[in-house]
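*Asks:* Below are the structure tokens for one structure; questions will follow.
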């Protein structure tokens with residue numbers, strides 16, 4: 001018994017000694033190898049909105065704060081922050097706030113209930129992703145918006161609402177260009193573009209002519225008139241759709257929209273589908289007056 005106890009005590013002593021030895025080594029290593037974090041990072045992180053949306057290009061607010069302190073980003077890179085917040089961060093870091101073109105989500109489809117032909121009434125699981133696996137949710141155009149609001153659900157900023165025509169309407173004031181709607185759309189219809197780009201093609205159908213218009217009254221029929229009327233080099237036809245080259249340097253005007261037979265290409269002063277929203281509002285007013 002005494003030998004067993006002695007062996008146990010000896011083993012415990014050895015283990016304690018080894019633990020103490022490595023503990024001392026770790027403590028010394030930490031003392032000499034630790035990296036001091038710039039205290040400005042924590043303060044900058046507190047000044048940021050804390051939404052961790054990733055619209056700045058970083059995976060969250062803390063990495064963006066680190067980039068700001070390191071001088072690798074400008075405060076204006078946070079599209080969620082208001083002007084006062086951006087100025088506060090710039091003042092704290094003693095840097096220029098910078099200028100960033102506001103970006104917004106645009107939808108490459110204008111074919112709502114009133115424009116797009118329905119081949120069936122979808123009655124499956126709610127949601128665009130589910131409907132996309134079942135005959136495009138009953139919509140004749142298999143490239144168009146399904147209108148079942150996956151994008152609205154994905155938006156954490158209340159920037160997307162479904163209008164009466166069954167299309168997602170983006171509030172450009174609330175949109176932070178976080179990209180959640182881009183990820184949520186199973187048809188890849190959303191894209192993030194500068195608000196200053198007013199010329200926009202609201203169609204994603206690669207067919208041409210009557211093959212498009214029998215499915216949707218506002219689909220692009222690939223006539224090419226917009227490319228012919230726009231400044232040279234601004235618009236080219238690719239896969240039967242107008243492709244706007246922002247890097248061409250060609251002036252962008254509404255001239256390209258004037259001869260479009262289906263209004264597939266639009267000049268957007270603000271958000272999309274404003275006319276649809278206004279028409280719905282007028283309809284509701286008339287209904288209220290009659291009842």
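A Cβ is built for glycine as well, from the same backbone N, Cα and C atoms used for every other residue.
Remember, predicted model here, so these are calculated numbers, not experimental data.
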*Asks:* Which one of 78, 185, 203 goes with 141, 145, 151 at the [4Fe-4S] cluster 2 site, as TrEMBL has it?
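*Replies:* The one candidate that TrEMBL places in that [4Fe-4S] cluster 2 site: 185.
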*Asks:* Among 1-30, 31-60, where does TrEMBL put the label region 'Hydrophobic'?
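*Replies:* That would be 1-30, per the region 'Hydrophobic' entry in TrEMBL.
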*Asks:* Given the binding-site residues 141, 175, 178, 181, which lie within 10 A of residue 56 ([4Fe-4S] cluster 1 binding site) by CA-CA distance?
*Replies:* 178
*Asks:* Do any residues, 6 or more residues outside the domain '4Fe-4S ferredoxin-type' (166-195), come within under 8 Å Cβ-to-Cβ of it, and if so which ones?
*Replies:* 51, 53-55, 79-80, 101-110, 112-113, 128-129, 132, 143-147, 149-160, 204, 270-273, 276-277
*Asks:* Helix, strand, coil residue numbers for the domain '4Fe-4S' (36-95) per DSSP?
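*Replies:* Taking each residue of the domain '4Fe-4S' (36-95) in turn, the totals are 32 helix, 0 strand, 28 coil.
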*Asks:* In whole Å, note down how far the CA of residue 175 ([4Fe-4S] cluster 3 binding site) lies from the CA of residue 78 ([4Fe-4S] cluster 1 binding site).
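*Replies:* Taking the Cα atoms only, residue 78 ([4Fe-4S] cluster 1 binding site) lies 12 Å from residue 175 ([4Fe-4S] cluster 3 binding site).
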*Asks:* Starting from the [4Fe-4S] cluster 1 site formed by 53, 56, 61, 78, give every other residue of that chain whose CB sits within 8 Å of the mean position of their CB atoms, in sequence order.
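*Replies:* So the extra residues in range turn out to be 48, 49, 51, 52, 54, 55, 58, 60, 64, 77, 79, 80, 81.
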*Asks:* Note the Cβ centroid of 155, 175, 178, 181, the recorded [4Fe-4S] cluster 3 site, then list each other residue of that chain whose Cβ lies within 8 Å of it, in sequence.
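*Replies:* Near the [4Fe-4S] cluster 3 site, beyond 155, 175, 178, 181, sit 105, 151, 154, 156, 157, 159, 160, 170, 176, 177, 179, 180.
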